[in-house]
Structure formats: C-alpha cells, structure tokens
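One structure below.
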C-alpha cells in the first residue's frame, strides 16, 4: 500500500502470467476467452481506452491497469479462486488495510490528504473486502468460515471508519443492506450471528465515535453553508463540478474531451462559468465517475463503464449463492461510490474491481463443489 503500488502489481502480474503459461500452457486462455463475458467487456474497454489515449489523451495509469488486468485475466485459471482461498485473501487484505489506517491515522497522526494512497480509493478497497466478507456469512457456512469472515468484516469496517470518507461510509452501508436483504430473501441469515454482528458493529461505532462525530458535524456545517449560498465547501465544489458537465460536454458528446478537458475548463473560467475557488482547485476529475467518463470519454466511454458494472450482475444469476452475493455487492458498491468519486480512475481500485469480478464471475452452479 505504497505510492505507485499499482506499478508494483503490474510487475507481479507479469511474473504470474509467465508462471501460468509455463505450468498450464494455453488451456486457461482458451477457456477464459470462451466463457468469461466480463473479460470480453474488459477487452473492449481496453481497446477503446487505447484508441482514446492516442486520439485525445488519457490517464496512463488507467491504461496500464487495464492492459495489465486484461493480460492477467486472460491467463488466470478461474478454478484457483475458491471460496476458501478468497476468504483467506479477504482476511489478509482486511488486516493490512486496518494496519495501514492505524499506522497513518493513529500512530503518525497524519491527515488523510497526506497518505501514500488517496484516502477515498483506499476506503473503497476496504469496503470491497468488507462486502466480500459479509457475503460469506451464510447460514450454511462452517463455524470457522463464519469466524474468519466476521473478523475480516470487523477489520475492514474499522479501517473504513478511520479513513473518514463519508461517501464510502454511505456506499458500504447501502451495499451491506442490499446483501442482507438478499440473504433474508434466500433464508441465508442466522439471526443469532446477525445479532452478535450488530453488537460488534455498534461497539466499533462507539470506539470510533470521535471520527464519526467530527465528520457528521462537518457535513452538517457544509449543508448549512450550501443552503446559505456558499458553494466553496467540499460538497459545494462537487455540486459546482456536476453542474458544469453540460457546458464541458458541448459538441463533444460522442468521444469526449480526453486531456483537453483542462483547456475547456480554463475556457469556461474565462467566460465566468467557473468560480474562482473551483478554478483554484483545478480538479483532475469531476468527482462523479459517470460524468467524468462522459466528459473525458464521451457516450462510448460511459456506455462501456455501465456495461462493466451491469454484466457481472447478469452473470451472477448462474453462480452459487455466495459468489452471487459477492458479485452483486462489489458491483453495487462501485456503482454507488461512482456517484461521488471516480473509483475506476485509480489504478489500485480499478485492479481490485477487475480481478474480483472476473475471478468470481466464471464459476457456475455445475462447479459448486469446487468452490469450497
């Protein structure tokens, strides 16, 4: 979890690809290209991103992550990602997330704006691991699995709170509620463990009360400022960026602006469409993945982004219940997070999303006994 850690991950992917080809040959490639619809979407997005990059510029980090994920997922044998392996990885990732958040927030007492990884995408990763853990808390799971999943959930939830990221708090809460409703519908909830989990959740909230109160008070203050006409707050600046989208898009709806969005932004400032405070902020993105895709990549880019969110949910219909809930949860979380941030613009969160949804989406009911 260091700066430019996505570059390190790309190197590790290259090593993994070489090892897979050496050990298994081309068989996984043929299988993945034949069955994985999410992989097809990813390849289409990568192709369009390369075209857009050379046509009007784009993020080299996003291109690097897309190419790396595409090559890795073409070669990755999906049967390796069993629920047991996934649970172990989730527990490890949640532990590292909490250690990272505690180190910078509590031990070094460094503000989240100075963390090596931007706090919002970091919180998105923490929330993703928490959602995966919730999905594994099924009635039929063994006691060992329930304890490991509960521990992973507790660790990741604590890390989310320490990031002080309001949008992800909301996204995680809504997504967790969606999964719990699905579990109620499928009669997959053990109410005794649910009560214990709720008690643990309240305990974590009590321990993190200072952080929660501070962000709630800040939100209330910002809302009052916006109501009085002051749009210079964190939330207010977001409103300004969203309102600016139609003017940014003028005559560029199909392919978007790419890197030229900055020139368009400056032009609108000179025409008094942009406030001085927003101009000084100089946004690299527009704090909404849907609008950001539309502005930079046009209708084609936005459509591909929506397909990337929707296809895993469609594929989940053929999966065993735990994987179904995991896929729905991950896609829902990123869809909600995209309302106030750009999770798929960051290399770390983009890779996390792609590796999980593609890894989970290709396990069908016929392979249920291999998922344990």
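For all residues, glycine too, the Cβ spot is worked out from N, Cα and C.
In TrEMBL, the transmembrane segment annotation falls on 86-107 of the listed ranges 86-107, 218-239. The range from 62-80, 119-137 that TrEMBL describes as transmembrane segment is residues 119-137. Remote same-chain partners of the transmembrane segment (167-184), defined as residues 6 or more beyond its termini with a Cβ less than 8 Å from a stretch Cβ, comprise 120, 123-124, 126-127, 130-131, 134-135, 138, 157, 160-161, 215, 325, 328-329, 332-333, 336-337, 339-341.
Within its own chain, the transmembrane segment (9-26) is flanked in space by residues 64-65, 68-69, 71-72, 75-77, 347-348, 351, which lie at least six positions past its ends and keep a Cβ under 8 Å from the stretch.
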